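Okay, structure first, notes after.
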Amino acid sequence: MILILRVNDMKKKYPLIEIKGLSYRYDKENVLENVNLEIERGTFLAVVGPNGSGKSTLLKLILGLLKPQKGEIRMFGKDISQFRERQKIGFVSQKANSFNSGFPATVFEVVSSGLTKKMGLFRFMKRADREKVDLSISAVGMEKFADRNIGELSGGQQQRVFIARALVSEPELLVLDEPTVGVDAKSVQSFYELLGKLNKDKGLTLLMVTHDIGAVSDKVTTVACLNKELFFHGSTREFEEQKMEDLSGIYGHGVRVLSHDHHNGKNGEDIK
Amino acid sequence: MITGLMEYEFLQNAFLAGMVIGVVAPLLGVFVVVRRLSLIADALSHVTLAGIAFSLLLGKQTVVFSGINPLYMGMAFSVAGSLFIEKLRTVYKHYQELAIPIILSSGIGLGVIFISLADGFNTDLFSYLFGSVSAVSRTDLWTVVLISIAVIAVIGLLYKELFLLSFDEEYARATGIPAKAIHFIFIVMVALVIAASMRIVGVLLVSSLMTLPVAASIRIAKGFRQAILYSVLFGEAAVLGGLVLSYNLDLAPGGTIVMIAVLILVITVLWKKMRTSSAV
């Protein structure tokens, strides 16, 4: 406990994201109810929950695509309505529905588009920008594919490119919305390894939303379980200990959560 | 042909206007096609026709309007139509493509009413339907050139934003790009280019100049810049080839231009097929 406090003291005074009493409703349906969540620098947080649990809404609120109706969101210590440094947040969306795979764009062009906001209107790419793009592409191990059209790549490779696109503006926080939907199982593993490396080696804060509880791998440092309300927020270890008893409450009856064994590398079974 | 070009002003007008449109229509067309908005060009061209018919009708009945180039009214209608399409796309969120037939049929409906009110027009209207080399006036040419310069400048300045918005709209919004404003500028540009291209290729074929060269280009292009480059090259080849052929063989220029664009498309599709099958 003392150790934890010390680590916290060393960090900057405010958490990267601070959510207090956040509620949101579409028409008559409550999607989020009184959510309180703090995300410290350097964490790799997985937000898990079933479909319709408000995960995507939470994400949209954090990204500023929706405005909070009740409660408060503070980003980098500022109220979200005053927060103007969107380039500090990198965003990786679901691969499946966000782009047209027949689109004629090279990996380099796609990654360059991550600089759009940071560069600002009416600016053109300079040499330093190109170098940044090259660096991001190699950070995700895609340098051999820089001149290939994005549509020619596999789902896993495409998601790496989208990570590179998010990294190119040098964000402090990377937000991922179900990044492994439509990615084959083998690539998912190395994809999480890449995320883990970015978190550990580069100290990047990661917030990943997923409905797939089996995806909460050993790379994640904290887990938050959401189903309208926040049911659990804590370290991965605490999560492993608690989920047998508690998670059935979130997901409803008749649901079994199988343990996810790290020691022999087997994947846990997904919630059906 | 060359002597004809030296001698007749109308030929010069047609060729210069054609060359400019051959660049700007496919250039903008790349963004139109990758955003899956190809049919919008069709809808807007029919709205433009309504505007032109309205202008011709006014010109027939009042002296004030008879001196005004009908193209201006066509442009006004086209821009208004583009804004209606955007409005309808938000009204019918789940049936976004519905906006296109609504606007298209309204355009034809209005056009037909204006034409009947005027008791029909002479060959003038025919030239708007199918394009004409002899009908391009100096003011037409200047309008085309000015619009094209403006469009090329805007695309140059907003290239990053237009690319991102076309590639991944959700991401563009999430990163805080002013997506709405840029989309608005884009759709107005489309409306203006369609109205401007109409003199050469005609209402019924104008959308082909925005889509066919792009369709050929994206079969073989690597990357977006290359897609733009090939589209413009193909578009230019179709326009110049079409104008030369139509002049020499006395064919309708619009039809000839479109058929050359189709030929280019067929060649690229076959070429790509041969290459991929030989690679396997």
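Quick reminder: no glycine exception, Cβ is built from N, Cα and C everywhere.
All TrEMBL annotations are machine predictions without curation.
Predicted, not measured: the structure shown is a model, and the values here were computed from it.
Taken verbatim from TrEMBL:
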type	residues	note
TRANSMEM	B:14-34	transmembrane segment
TRANSMEM	B:39-58	transmembrane segment
TRANSMEM	B:64-86	transmembrane segment
TRANSMEM	B:98-121	transmembrane segment
TRANSMEM	B:141-159	transmembrane segment
TRANSMEM	B:171-194	transmembrane segment
TRANSMEM	B:200-220	transmembrane segment
TRANSMEM	B:227-245	transmembrane segment
TRANSMEM	B:251-271	transmembrane segment
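Residues 14, 17-18, 21-22, 25-26, 28-30, 32-34, 38-39, 41-42, 45-46, 48-49, 127-133, 136, 190, 193-194, 226-235, 238-239, 243, 253-255, 257-258, 261-262, 264-265, 267-269, 271-272 of the same chain, all 6+ positions outside the transmembrane segment (B:200-220), place their C-beta atoms under 8 angstroms from a C-beta of that stretch.
The stretch in B:64-86, B:98-121, B:141-159, B:171-194, B:251-271 that contributes the largest number of Cβ pairs under 8 Å to the transmembrane segment (B:39-58) is B:98-121. Residues 1, 14-15, 18-19, 21-23, 25-27, 29-30, 34, 133, 200, 209, 212-214, 216-218, 220-221, 251, 253-254, 256-261, 264 of the same chain sit 6 or more residues outside the transmembrane segment (B:227-245) yet have a Cβ under 8 Å from a Cβ within it.
Counted over residue pairs 6 or more apart, the CB atoms of the transmembrane segment (B:14-34) and the transmembrane segment (B:141-159) come under 8 Å in at least three pairs, which marks the two as touching. By the count of Cβ pairs under 8 Å, the stretch nearest in packing to the transmembrane segment (B:64-86) among B:98-121, B:141-159, B:171-194 is B:171-194.
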